[in-house]
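Peer 1: First, the structure itself, so that you have it in front of you.
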Amino acid sequence: MSELHLLSTQQLITGLQDKQFSSLELTDHYIKRINALDSKINSFITHTSETARTQAKAADEMRVQGDKRPLLGVPMAHKDIFCTQGVLTTCGSKMLHNFISPYDATIVTNIDKAGMISLGKLNMDEFAMGSDNESSYYGAVHNPWNIGHVPGGSSGGSAAAVAAGFVPVATGSDTGGSIRQPASFCGLTGIKPTYGRVSRFGMIAYASSLDQAGSMGRSAMDCAYLLQPMIGHDPRDATSIKYDMPDYVQDLNDAAASAGDKPFAGLRIGVAKEYFSKGLDTEVEQAARAALKKYEELGATIVEVTITDPEITLATYYMLAPAEASSNLSRFDGVRFGYRCENPKDLIDLYTRSRSEGFGPEVQRRILSGTYALSAGYFDAYYIKAQKVRRLIVKDFEDAFANCDVIASPTAPTAAYKLGEDLDPATMYLGDVYTIGVNLAGLPALSQPVGLTSAGLPIGLQLIGQYWQESKLLSTAHLFQQHTDHHLQHSTIAKETV
């Protein structure tokens, strides 16, 4: 029972169904680990342990009464960007340090309906703006593989909690790589679905045309289990799209059942030289190419494709995302909710001081740059031009997919770097260089672990799919994981028993 946290989601489901352990025992096991070890990681902002124990007892009773929901009684946790009724929702910011949402985000409701048990809210970069989880008002998150290193961001708390064995799966959000990059840094699998696949209702907005919720776990199957209840059309989200509802878990099982010695026979994997250019760490490149070689050995065909120069994509993203952020975050003014400065002289002073004191440096930086891009005299030259380039980026992906089924690249140019390295903003932004194009195009993509550096830090490979092809991506990663053991490696903290 001391290693329950090392079990996969499928193993947890089987264990609960076969009465090897109860949901309460499982929940208590995770809570015990969190209480003993999270002081080293700082992955949680808010704990909901007592509520979780109550829900676990209820889940055990429902199972006895014949409830067959597969995820009934399985613990998880939410990134603190998703509104949770009656529970603190901070978005990692002083601005929302006292905000208790009056409603649940749609994905929170859906996951609750599936019977899962939330253990709390997870740390994150402030308002999802960052790539290292050092901008959180609640302190930096530490990487469970090496606590002197960053976990990635902005879903760093989610990645760290799963990698540390505090929860089997967690929700995340991805605006420019915020699920995939921390998944890479923490040795996990993490998927960003097609834009519109998962409701954004109740997810605090950063850049509305780019934000998308997704799932994180140790394996593709873990991700599939959590993603399943998250998807579906939501009339409360104008960007939610009605589309076929796949059964991800069944799709993965079917793919595995029909796979032969060459499970990837007929699969064309596109590889762009633009993803293997300057700035890519040697060990990361070696691991990515070794993974592609393994795909080839298992029957895949590697096809050379061309995509937009990542530096152009990066410039486009950092014009559009801050512009949307400056608009979205204008609602935080010290009047209706959130942080309010003390003793304002007048309304202008209230606005100015509440926002200056409530937002951290990185959020202020992006608001300022976004406001500049939207200002009179610069709107056409910057924002409109970036939107036109965005359309060309979409076209380049469409052209690439005419010759391949999925596109592969390193998830990030480096493995996790040290906490406190104090990278300048431009250098930090380059950490997203391989992931942001996916968000600009609205495509699905995942990161899967493919090895470790000589320092023992995880490396991820990104797989990009065509619209609505999450099953293709998850199945591809799942079959790869049937023939490799990268996803079975555990972090230093996960190996600790309590």
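Easy rule for this one: first residue shown is 1, then count along the chain.
Cβ atoms here come from the backbone N, Cα and C positions, even for glycine.
The following feature annotations were taken from Swiss-Prot:
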ACT_SITE  Lys79  active site, charge relay system
ACT_SITE  Ser154  active site, charge relay system
ACT_SITE  Ser178  active site, acyl-ester intermediate
Peer 1: Are there residues of the same chain, six or more positions away from Lys79 (active site, charge relay system), whose CB falls under 8 angstroms from its CB, and which are they?
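Peer 2: Long-range Cβ contacts: Lys121, Leu122, Met124, Ser155, Gly157, Ser158, Ala170, Thr171, Gly172, Ser173.
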Peer 1: Identify which of the active-site residues Ser154, Ser178 has its Cβ surrounded by the largest number of other Cβ atoms within 10 Å, counting every protein chain shown.
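Peer 2: Counting Cβ neighbours within 10 Å, the top one is Ser178.
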Peer 1: To the nearest whole angstrom, state the Cα distance for the pair Ser178 (active site, acyl-ester intermediate) and Ser154 (active site, charge relay system).
Peer 2: 5
Peer 1: Can you tell me the three-state DSSP label for Lys79 (active site, charge relay system)?
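Peer 2: DSSP assigns Lys79 (active site, charge relay system) to strand.
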Peer 1: For Ser154 (active site, charge relay system), what is the secondary structure state per DSSP, taken as helix, strand or coil?
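Peer 2: In the DSSP reduction, Ser154 (active site, charge relay system) maps to coil.
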